[in-house]
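Under the heading domain 'G-protein coupled receptors family 1 profile', TrEMBL lists 42-291. Taken from TrEMBL, the feature transmembrane segment applies to 27-50, 62-83, 103-121, 141-159, 198-217, 238-261, 273-293.
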Amino acid sequence: GRMSANTSMVTEFLLLGFSHLADLQGLLFSVFLTIYLLTVAGNFLIVVLVSTDAALQSPMYFFLRTLSALEIGYTSVTVPLLLHHLLTGRRHISRSGCALQMFFFLFFGATECCLLAAMAYDRYAAICEPLRYPLLLSHRVCLQLAGSAWACGVLVGLGHTPFIFSLPFCGPNTIPQFFCEIQPVLQLVCGDTSLNELQIILATALLILCPFGLILGSYGRILVTIFRIPSVAGRRKAFSTCSSHLIVVSLFYGTALFIYIRPKASYDPATDPLVSLFYAVVTPILNPIIYSLRNTEVKAALKRTIQKTVPMEI
């Protein structure tokens with residue numbers, strides 16, 4: 001009947017994003033373009049430095065390079081389309097485009113969740129088990145940890161996306177968000193989505209709370225070890241390495257938990273795009289800033305690279 005005729009009709013969605021801020025479209029475009037270019041440049045620079053500098057070959061930098069590559073993908077899933085919408089005022093996205101965007105956003109987001117846990121394990125091993133560190137984080141172990149993180153991302157993306165887009169969409173097609181995020185897309189599905197919501201909350205709980213638990217556990221052990229270090233300088237160095245990681249982790253997990261672990265009915269179109277902005281757009285630019293500006297080895301590598309490429313003027 002009418003119902004089935006209607007369900008097949010939703011061939012595209014309308015992403016409202018920041019369309020209510022009509023006077024600010026130009027300003028928002030400039031701000032997001034600047035953030036995007038800096039994010040890609042900053043993370044690309046880390047990938048290049050770690051790949052070419054002999055001093056940055058420890059597991060910590062292997063993971064940092066992986067994280068930076070991931071951040072470029074993660075921010076490119078949402079921001080270029082947002083920029084296009086801000087510039088043209090056209091806010092449409094096809095159904096398949098929406099599914100693709102959701103898949104890649106989940107893929108990169110879930111991979112980052114797991115990778116941040118691997119990085120915490122690396123710091124734990126380096127600080128709490130220094131003698132066994134080369135064994136605990138051999139190159140093979142690093143590759144396995146990174147590989148598992150990427151595999152986890154693929155599973156999460158494939159676990160949610162085809163399932164959601166096989167459900168019937170009844171007709172309303174406006175998404176009060178600047179990209180195809182699970183929660184607001186689910187609100188457009190007709191019929192009962194409680195099973196999906198439960199699936200999302202469970203998957204998220206596993207994906208966010210397990211790595212987050214591992215991270216807190218690692219840092220708990222690290223803090224205990226740090227407080228046993230007799231020299232103040234040694235304590236400070238150990239702490240500064242970890243505090244930068246902790247800042248990234250708290251921002252990423254905090255905002256993601258806020259959005260995902262709750263029923264879809266409590267989705268608020270006024271504030272939620274702002275919260276999502278935080279983990280979709282802001283955390284990827286903080287990574288190179290926090291990890292590099294607070295890291296003397298990365299700064300030294302950057303200096304060496306500049307000196308190599310720009311010959312000294314006599």
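A Cβ is built for glycine as well, from the same backbone N, Cα and C atoms used for every other residue.
Sequence-remote contacts of a segment are chain residues at least 6 beyond its ends whose Cβ falls under 8 Å from one of its Cβ atoms, and for the transmembrane segment (238-261) they are 60, 109, 112-113, 116, 119-120, 123, 127, 181-183, 200-201, 204-205, 208, 212, 215, 219, 222, 225-226, 229, 272, 275-276, 278-279, 282-283, 286-287, 290-291, 294-295.
Highest Cβ pair count under 8 Å relative to the transmembrane segment (103-121), across stretches 27-50, 62-83, 273-293: 62-83. The listed stretches are 62-83, 141-159, 198-217; of these, 62-83 has the most Cβ pairs under 8 Å to the transmembrane segment (27-50). Of the ranges 62-83, 141-159, 198-217, the one with the most Cβ pairs under 8 Å to the transmembrane segment (273-293) is 62-83.
Sequence-distant contacts of the transmembrane segment (198-217) (same chain, at least 6 residues past either end, Cβ-Cβ under 8 Å): 110, 113-114, 116-117, 120-121, 152, 156, 159-160, 163, 182-183, 186, 249, 253, 256-257, 260-263.
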